[in-house]
Amino acid sequence: MVLIRVLANLLILQLSYAQKSSKLVVGGDECNINEHPFLVLVYHDGYQCGGTLINEEWVLTAAHCDGKKMKLRFGLHSKNVPNKDKQTRVPKEKFFCLSSKYFIKWGKDIMLIRLNRPVNNSTHIAPLSLPSSPPSQNTVCNIMGWGTISPTKEIYPDVPHCANISILDHAVCRAFYPGLLEKSKTLCAGILEGGKDICQGDSGGPLICNGQIQGIVSVGGNPCAEPRVPAIYTKVFDHLDWIKSIIAGNTAATCPL
């Protein structure tokens, strides 16, 4: 049975196609403290996810990362020794592509969060650009997060880890995830030989290609980083109109079909 690495800490969700478990960055190295000013730690009720600051008031993450009493931490590198410019916010509003966040469909695992008040840009806090065009196959992209660094054990690092992976042919993911539609609004990315991957706790974090957020960590295999088992990312480019409409104040905007 295919396991979905719905990358939130032991967060088990019922999907419309299959049930799977979550994961984090495996096979990477500690990120440079200055290379992730847009990276957000999203947490609630003992669960953690990643997120991406796209402007001073808005964050992108995965729909399955939603929960009560959510907090978002900005300007964070070490969780135990925070930067002086760290900031914490809570959601003011949340927007989803689905009527229920508990039933995640391929390509609709996306949540747009409006913060209770804007963050202040600083040395370790700055937004990441939205995509100007979709990434092509074989593009080398970056993944990052505070997720577990072991494919089989829950070993959560104090600092975020980063790794480079590549955009793969959609058919590679369809071979492992039979419910994935040919034209779903997702990206397939990973390393075919295995060894580098997102893992538990990395859900909602960014897939960064050419300095832009192209994907949101959604689904993967269990255990993480297995050969020929890439992960699935919600494709941000296909949701640009929805994202921009919501931010502009059109809260009734609908997601692409």
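Keep in mind that glycine also has a Cβ here, set from the backbone N, Cα and C atoms.
The disulfide bond recorded by Swiss-Prot for Cys65 reaches one of Cys49, Cys97; that cysteine is Cys49. Of the listed residues Cys188, Cys209, Cys224, Cys224 is the one Swiss-Prot pairs with Cys199, by disulfide bond. Within the set Cys97, Cys141, Cys162, Swiss-Prot assigns Cys141 as the partner of Cys209, by disulphide bond.
Comparing C-alpha positions, Cys224 (disulfide bond) sits nearest to Ser203 among the active-site residues His64, Asp109, Ser203.
Counting only the Cα atoms, the space from Cys162 (disulfide bond) to His64 (active site, charge relay system) is about 22 angstrom. Long-range Cβ proximity for Asn164 (N-linked glycosylation site), meaning a same-chain Cβ under 8 A and a gap of 6 or more residues, is found for Val140, Cys141, Asn142, Ile143, Lys196. DSSP gives His64 (active site, charge relay system) a helix state.
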